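To start, the structure under review is shown below, and the notes come after it.
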Amino acid sequence: MDLEEAREFRERCSQCAAVSWGLTDEGKYYCTSCHNVTERSREVIDTGAIPNTKIQAINRGLKRKRKLEKGWDWYVCEGFQHILYQQAEALQSLGVGPELKNEVLHNFWKRYLQKSKQAYCKNPVYTSRRKTTVLEDNLSHSDWESEPELLSDMSCLSFAESGAESQPDVRTPKPFPIIKASHSETTSVCSGSLDGVEYSLRKEKGVMKMSVPRTLAFCYLSLLWQRETITLSDLLRFVEEEHIPYIHAFQHFPEEMKLYGRDKGIFAIESWPNYEVIFKKIIEVATFLDLPRFPDITENCYLHPNILCMKYLMEVNLPDEMHNVTCLVVKSTGIGEVDFLRFDPIAKKAKTVKYDVQAVAVIVVALKLLFLLDDNLEWSLSNIAKKYNEKNKEDKPWFDFRKWYQVMKKAIDEKKQKWEEARAKFLWKGEKPLYYSAIDRPVVYKRREMVVSLQKQFSTLVDSAPNVEKKKPSSFQFNWTEEDSERPCFHGHSLQGVLQQKGQSLTTKNSLYWLSTQKFCKSHCKHVTTYEESNFSLSYQFILNLFSFLLRIKTSFLHEEVSLIEKRLFKAKYNKTNKKSSRSRKTRKY
């Protein structure tokens, strides 16, 4: 920026009425007092001697190569905005409708910026320590429609190309109000962003600080609002498979957005997203934004337990007839009702449903109803099914639990091994190395070059196979077909071996049932129950481990959900135990 060349421009600033102009690298005049950029560019004295091509270039603004060492002036929230945009683009490529990015996520993000007083309000406060005078930008607290769009423009979002900026008839995005700050405040020694240092130190009560994990919370809330066919476990798995930017999301920042120092602690992620952690952040985000009641989850919606149960039954190669049993469990417990499935963050008793975990828990309960899973009955029923299948090879085969167990154990062990190898080979350091200051930059880049060189040399020595192309994302992790003899498909098998005719209805041959949790915890630890593997049968452990791996959740997390389903299904049993415990307490008192 050249201050001397801008002295000839003597008009007053429309924002602060000051006469102190500088010249941007694009050739436009900007106010050094309030940083307001005008549409006026430097005038040419004699246009007769200049060809038409140069006149067009001047009209667009004098394009000068900006020194990339300095980069753009940007705020931390703009970085998160860029990550959200990339994630929305990735979701759209996975088949999600464009309304999620252009409408739902767009409005959620605008609401966050307004609630956190970073934009879309009369007095935006960017930091708690630096005192700035913010000029009114003619914004109202409720009038969002009049504001420029944030997420529906080009991938640069708030950063438009210089060619677009010079056109007066094009409405360029301006996500943040104009700040009146001194020149020394426009650069940060300890971070690439303007407010990186202060953002990392900020601890304002009642304001939710944005983080990279919370971007996934925004994405899931948008998916839930649209009732899309992506569950939270699917979303986290797509992140793990690098179909959705997360770990190295900052790598997609424009080259001019310099990121170093304190920015590293804000945008760099060194762990995979955890289901429980992200679910808690979803509740935090929804509560902070004061979001209204979400659209109802009806029987036709993908997130309804009946549909999700069908999906997971196909996933784990269980018979199709089991869907009738899961539907009965859903109906008996009432977890398929619209009121139960509704997500209302601002309600007094807000219910938070883990739709995928709940559906899997229903299947576990159905398996216990049919096979008991006590390391005894399921094997006895398997012997009966095996004998029947040997005698009646032309008839519809009965479901053999032992054979299914052997097939699934082999399949899940292979899948786990590949998953663990992929995690072990994952490169946590991205292509763009992060550094703490400009002084460290050459050293960090040199080290990165050495690492890449060593990796190439090592790969040639061990003669490693070239990188396999990414598989297209799918909602299913297993594929079962009738033609595969090594991995037989059990979808068409019958449950006649475990059911019996009683009147006009079918009932289970097994009349017993054991509760996963006898007594629920009432302390303040927020855990309904505990899970110790040694206290449960091997069959039950295998079922929990199988579904826990599919959803990438802890086994104890699924066990807790199973216990809650059983509590709703067997209310009488739990009421009896509660009465007995209360009587024993009374006798102790007397």
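Each Cβ is built from the backbone N, Cα and C atoms, and glycine gets one as well.
Swiss-Prot lists region 'B-linker' at one of the ranges 4-8, 69-73, 394-398, 529-533, namely 69-73. Annotated by Swiss-Prot as region 'B-reader', the relevant range among 40-68, 446-474, 562-590 is 40-68. If you draw a 10 Å sphere around the CB of Cys31 (Zn(2+) binding site), it holds 22 other CB atoms from the protein chains shown. When averaged over the region 'B-reader' (40-68), pLDDT in the model lands at 43. With DSSP states grouped into helix (H, G, I), strand (E, B) and coil, the region 'C-terminal cyclin fold' (263-373) comes out at 63 helix, 0 strand, 48 coil.
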